[in-house]
Amino acid sequence: MYVVVMDNEREERRKRLRTERSDDRPVPVSRQPVHEQCYPAKHYKTYDKSKLPPGWLDCPASGQEIFGIVPSKVPLGEAYNDCIPPGRRYSFKQVIHQQRVLGRKLGLVIDLTNTTRYYSTIDLKKEGIKYVKIQCKGRDSVPENASVNNFVYEVTQFLARQKSKKHILVHCTHGHNRTGYMIVHYIMRTMPKSVTQAIKLFSDARPPGIYKPDYIKTLYEFYHETKPEMVVCPPTPEWKRSSDLDLNGEAVPDDDDDGGSAAPLHDNHEVDAIMTNDDVLGDEIPVDQLDALRLFCYQTLKLNIPVRGNPQFPGSHPVSLNRDNLQLLRQRYYYATWKADGTRYMMLIMMDGCYLIDRSFNFRRVQMRFPCKGTNEVLADKTHHYTLLDGEMIIDTMPESQKQERRYLIYDVMAINHMSVVEVSKSNPYKWKLIERHHYIRTTCYERHAYESRHA
């Protein structure tokens with residue numbers, strides 16, 4: 001009888017906890033960021049400590065600036081004041097004041113949490129601070145590649161467009177794992193750094209840095225680098241380990257918690273999957289970035305921008321040598337190449353990555369870097385930026401291992417580092433001198449080997 005009563009009491013407690021937390025469910029994850037949308041604060045009747053993110057009170061408020069970015073834990077709105085001691089409150093009023101004391105003016109806030117319950121954005125709008133929400137799950141997985149692309153694009157565009165120096169505040173729940181993951185990606189795509197260097201830059205600015213092993217492991221895998229033995233994941237901070245326990249003695253599961261194990265972006269089974277020409281390669285990019293890259297291609301290729309209708313693929317198209325097409329050889333000079341059984345892609349090489357352009361004129365990002373010509377002793381400080389190629393992606397099977405490999409056959413070069421060469425004939429020696437001078441076929445593999453040999 002005693003056991004039955006205890007079971008009933010435990011079930012009643014669980015129902016009560018579920019009822020209290022029913023209005024705090026995370027919002028659905030959206031790949032595209034939300035701009036300047038005001039989320040009014042919900043009118044909760046009461047708050048108790050279980051409503052705070054576990055470990056939030058003892059978590060340091062913010063870190064040092066990293067290239068104009070300030071990592072921070074989530075500021076909490078006035079609805080939380082009853083369960084936070086006055087001297088430990090951290091809302092956007094405190095954030096703005098603290099940054100002003102440090103001589104920093106905020107111009108952008110990027111919210112990486114997976115819920116809208118923490119604060120209202122009305123105060124930000126009053127201060128003229130732009131707000132961008134990129135929803136990322138914290139407890140179960142690392143941020144999606146498309147979310148990373150959104151983050152890097154938002155940061156680079158903001159820093160490039162501002163007239164007076166303003167800073168960016170980036171926060172998840174505690175400002176370590178998701179925030180660090182995004183900032184490391186930004187560093188990797190905008191500066192000649194290794195993953196180890198980028199991780200250290202963040203950990204120095206926001207100790208102890210990224211403390212989830214799966215996040216660190218995924219960063220090395222994503223950028224095709226080997227994790228050095230000297231790189232050790234820091235232990236979980238004490239303020240996180242000392243989070244409150246529930247009635248069963250287990251850590252309170254917050255809807256936007258940073259705890260738990262993350263799932264890597266690239267699982268091993270994907271490596272062994274059979275490749276086909278119909279595979280969708282790369283990751284989605286923001287719509288604004290897509291429009292800007294399309295415009296560059298139109299201008300580089302000296303094409304008219306279509307007013308309406310579906311955008312047309314601007315690359316070359318194969319022409320079969322049938323009887324009707326043979327007369328084309330009499331009308332103008334053509335070049336012939338091997339017939340490849342693959343997928344037509346143009347390739348736009350940028351400083352922040354490589355973009356495959358399909359026949360629907362859609363762009364998807366793949367992780368490759370093309371360093372400009374350097375020496376064998378040091379890493380190249382510059383990478384190709386706005387280099388446009390035309391070619392085809394094929395799948396080869398290696399005779400010895402029977403392993404499949406993707407290869408990109410380059411048919412032509414349309415632009416080299418923002419300089420259009422579409423009007424330079426393939427037979428013109430000047431075009432090939434440009435190609436040789438810039439060494440555009442040298443990829444990140446050379447860069448990685450150079451770095452690893454220096455630090456072996």
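Every residue gets a Cβ built from N, Cα and C, even glycine.
Quantities reported herein were computed from a predicted structural model and do not represent experimental measurements.
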Given that TrEMBL annotates R359, D390, G391, E392 as GTP-binding, name the residue from R344, R369, R406, R407 that shares the site.
R344
Give me the non-local Cβ neighbours of R344 (GTP binding site): same chain, 6+ apart in sequence, Cβ-Cβ under 8 Å, ordered along the sequence.
F313, G315, H317, P318, D358, R359, E392, M393
Recorded positions compared (C172, K339, D390) - highest count of Cβ atoms within 10 Å:
C172
In angstrom units, rounded to an integer, how far apart are the Cα atoms of G391 (GTP binding site) and K339 (active site, N6-GMP-lysine intermediate)?
12
Cβ-centroid neighbourhood (8 Å) of the GTP site, R344, R359, D390, G391, E392 excluded:
G315, S316, T343, Y345, M346, M393, Y411
So, in DSSP terms, is K339 (active site, N6-GMP-lysine intermediate) helix, strand, or coil?
coil
